[in-house]
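Listed in Swiss-Prot for this protein:
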type	residues	note
SIGNAL	1-23	signal peptide
DOMAIN	24-104	domain 'IGFBP N-terminal'
DISULFID	C26-C52	disulfide bond
DISULFID	C29-C54	disulfide bond
DISULFID	C36-C55	disulfide bond
DISULFID	C45-C58	disulfide bond
DISULFID	C66-C79	disulfide bond
CARBOHYD	N68	N-linked glycosylation site
DISULFID	C73-C101	disulfide bond
CARBOHYD	N81	N-linked glycosylation site
CARBOHYD	N117	N-linked glycosylation site
Amino acid sequence: MKFGVGFLLSCLVALNTVQNMLALSCLPCDFDTLKCSPLPDDDDCFPAYTPCGCCPQCAGEEDDFCDNFTVRCHPDLVCVNATGFEKKFVYWYEFDFKGTCQESELETEYEYEYEENETKK
């Protein structure tokens, strides 16, 4: 009887772990049926993606809200939170970082690097 309870408990823990991993995963993009809206044809629109986004959007402009699930800020801007901390990228696992797109107050110039999901599009 003890073996059965231990086995059942182990199965429940494994199932819970798998469900948590799937909840943090992005669904694959189906480009055969996907219909993306065209982006504006101007220099102000820098194509970027949300963490699980399949279609490009214009990157965040100055004073736009930014966090781990929004499209990244324009390459000339950084995401600044209420304490003044700057991030060029807010990664999907940084759940507590929320801010607005602003010009950097630091003297260091950021060099833009494509996110992993941006190079695959």
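Keep in mind that glycine also has a Cβ here, set from the backbone N, Cα and C atoms.
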Of C54, C58, C66, C79, i.e. the disulfide-bonded residues, those within 10 Å of C73 (disulfide bond) when Cα atoms are compared: C58, C66, C79
Residue among disulfide-bonded residues C26, C66 with least C-beta crowding, 10 angstrom cut-off: C26
Listed recorded positions among C52, N81, C101 whose Cα sits within 10 Å of C66 (disulfide bond): N81, C101
C45 (disulfide bond) and C101 (disulfide bond), Cα-Cα, nearest whole angstrom: 14
From disulfide-bonded residues C45, C54, C55, the one whose Cα lies nearest C79 (disulfide bond): C45
Pairwise CA distance, C54 (disulfide bond) versus C26 (disulfide bond), rounded so that it is a whole Å: 10
Residue counts (helix, strand, coil, in that order) that DSSP gives for the domain 'IGFBP N-terminal' (24-104): 0 helix, 18 strand, 63 coil
Recorded positions clustered about C52 (disulfide bond) [Cα within 10 Å; pool: C29, C36, C45, C58, N81]: C29
C36 (disulfide bond) and C26 (disulfide bond), Cα-Cα, nearest whole angstrom: 18
Close in space, distant in sequence - C58 (disulfide bond), Cβ under 8 Å, 6 or more apart: L39, P40, D44, C45, F46, P47, A48, V71
Rounded to the nearest Å - Cα separation of C55 (disulfide bond) and N68 (N-linked glycosylation site): 17
